[in-house]
């Protein structure tokens, strides 16, 4: 069948579909409009609570298994201290709070797996943790009074007492975090349901498994080596964290044999936990923070342009290309809409660059500060515990803490007091995420600068690159001067390089084959976006017709303009084939690392495929500092256009204004928290689906479309049966 002239039917259907798709995609990518604090409250706080809750319960177990007081015999030292029997009421209260805390943890996990409703699980979790914290604080306070021996004997608090204090601190902390989460959900800032990712679930389960493995290992080795159980916990912690001080070591043959598989599995488990922490903190967290910082920078830029009186730069250009008369060649030709959009795109790329660099160095500063606080404050606490028994000065504790953080563990300085050994376990668990994030941020900043600087120096000296020494020097000076020098060169975004700046290129994206007409413009520039046979008619092809099929089967890493398939689609079938080819190509881009960033020419091509023309003002608008009306949270039972329970209202409540956007506006695809390839792939798939549905409707009518949908739903249910 020849679908060569589809006429107004295709055009009208395409515009309706585009408006629908715009609603969906803008709602998915508008998280940058929400303050970062609500992201922490809705995502980070529950994850922290789900991870630290089991840690607090593990400490509660440690507080229950041994006596809280010890007596040092005359003429002996703390290593020979004997236990003093605790009263029955202390054991009873301690056991009750542990049961309550475990129930609270279970309900939190059931809520996160959607087995128990938010409104039921969260009150139980929060109240349970607060009760456990209050019980442990009350026991610790009572132990500081009535439990102090009246006889004139030398006594000390056992490790169990300190574990009880640490558990109380953790219970109170995680309960308070969940209070903030519940308050934000009830206030309507986000949904009440937890949408845990696979990485978040994995981290929580791995943490729980690691704690169980550590406590069971302590039980086994304390029995074999005749240690106190909490000394076994200290040994297991030092072993699994690969510190290995040597103050406690397996002396029996059985203990040494079991140590080998125990340490191997434990260190591997610890590595998996570290990987999960890195993935969550750096891969997911940085994307959300990048989006929010980018939104703030974007607003600042729009304000700056308005103050300078240059608002006209943001206004869409509704008119045809104006040729400059031969006698007035020195006068600048007014920019076309395509050129204006290209400048917007380049400006947004520069903003992305600045924000990414700032976010990385800010994260580096914060993680460095956290690491220093953990080191210095930890050293002060270790000194306070060990000074009465070993006479440690601050430098001794400072040195001990450093060898522990770096897992050097010489063993020449080790703790002997109950407080120091128990605190080391608590401190090392805090050091695990701190060191992981610190080292990862260092790799993204300091190490990256050194590595890229070395490569850049090699390009300018003994190993010159293809672009030449002179251009390499210009690029280096442009980065070191923050764009002050050689700032007039065109910018093409590439994977992050030296100082994560955009890579200057020497060509103009639209200068091949034409003199004044950029790619995407034509004589009928004001024509509305279309689909089908007209979707690419306005794009000037610069390539051989056979190049498109060849390009679709290759995974190109470069973004050269010759690689962009621009062959116009003359039939609907050809248009569908192009959509399929581009979906395959973009799917391959999802596998690239670092994530693929597309040039403006590529974006113009993909937007034309989904029915938008960068040379037309139909879907363009002036960027505003703030959206006039924000997405409004509604309850799931209320109606709304989106499946996720949120209603998108856009910048205007009525008309086509809601579907218009700017590259430096809050609706820009570059503002989306998803990767660019992911955003484009979603739009291409949706466009192809709508096109195929329209074909089914034309051939078999609405009943045929309903039948096709029923078959699709049936096929989706089959694997579940």
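A Cβ is built for glycine as well, from the same backbone N, Cα and C atoms used for every other residue.
What you are looking at is a predicted structure, and each value in this text was computed from that prediction instead of being measured.
Sequence annotations record features per position, and here TrEMBL assigns region 'Disordered' to 1-30 (among others).
Per TrEMBL, the feature transmembrane segment maps to 38-66 (among others).
The feature transmembrane segment is assigned by TrEMBL to 87-109 (among others). Residues of the same chain lying 6 or more positions beyond the ends of the transmembrane segment (87-109) and with a Cβ under 8 Å from any Cβ of it are 46, 49-50, 53-54, 56-57, 60-61, 63-64, 68, 116, 120-122, 124-129, 131-132, 135-136, 138-139, 142-143, 147, 164, 167, 171, 178, 204.
Residues annotated as transmembrane segment in TrEMBL: 129-148 (among others). Beyond its flanks by at least six residues, the transmembrane segment (129-148) meets 53, 56, 60, 63, 68-69, 86-87, 90, 93-94, 96-98, 100-101, 104, 155, 157, 161, 164-165, 167-169, 171-172, 174-175, 178 of its own chain at Cβ-Cβ distances under 8 Å.
The transmembrane segment feature in TrEMBL is assigned to 160-183 (among others). Sequence-remote contacts of a segment are chain residues at least 6 beyond its ends whose Cβ falls under 8 Å from one of its Cβ atoms, and for the transmembrane segment (160-183) they are 41-42, 45-46, 48-49, 52-53, 55-57, 59-60, 62-69, 94, 101, 108, 122, 125-126, 129-130, 132-133, 136-137, 139-140, 143, 230, 418-419, 422-423, 426.
Summarising the annotation, TrEMBL assigns transmembrane segment to 203-221 (among others). Residues 47, 50-51, 54-55, 58, 61-62, 109, 112, 227, 229-230, 232-233, 235-237, 239-240, 250, 255, 258-259, 262, 265-266, 269-270, 272-273, 276-277, 280 of the same chain lie 6 or more positions beyond the ends of the transmembrane segment (203-221) yet place their CB under 8 Å from a CB of it.
The domain 'Potassium channel' annotation in TrEMBL covers 210-279 (among others).
The transmembrane segment annotation in TrEMBL covers 233-251 (among others). Sequence-distant contacts of the transmembrane segment (233-251) (same chain, at least 6 residues past either end, Cβ-Cβ under 8 Å): 62, 159, 210, 213-215, 217-218, 221, 224-225, 227, 258-259, 262-263, 266-267, 269-270, 403-404, 407-411, 414-416, 421-422, 424-425, 428, 432.
Remote same-chain residues near the transmembrane segment (257-277) are listed as 199, 202-203, 206-207, 209-210, 213-214, 217, 220-221, 224, 236, 239-242, 250, 432-433, 436-437 (criterion: CB distance under 8 Å, separation of at least six residues from the stretch ends). The transmembrane segment annotation in TrEMBL covers 257-277 (among others).
What TrEMBL records for 361-385 (among others) is transmembrane segment.
Mean model confidence for the domain 'Potassium channel' (371-447) is a pLDDT of 93. The domain 'Potassium channel' annotation in TrEMBL covers 371-447 (among others).
Residues or ranges marked as transmembrane segment in TrEMBL: 391-411 (among others). Outside the transmembrane segment (391-411), and at least 6 residues removed from its termini, the chain residues within Cβ reach (under 8 Å) are 238, 241-247, 371, 374-376, 378-380, 382-383, 424, 427-428, 431, 435.
Positions annotated as transmembrane segment by TrEMBL: 423-442 (among others).
What TrEMBL lists as region 'Disordered' is 497-567 (among others).
The compositional bias 'Polar residues' feature in TrEMBL is assigned to 512-541.
The annotation region 'Disordered' is assigned in TrEMBL to 616-661 (among others).
Counting residues of the domain 'Potassium channel' (210-279) by DSSP class, helix then strand then coil, yields 55 helix, 0 strand, 15 coil.
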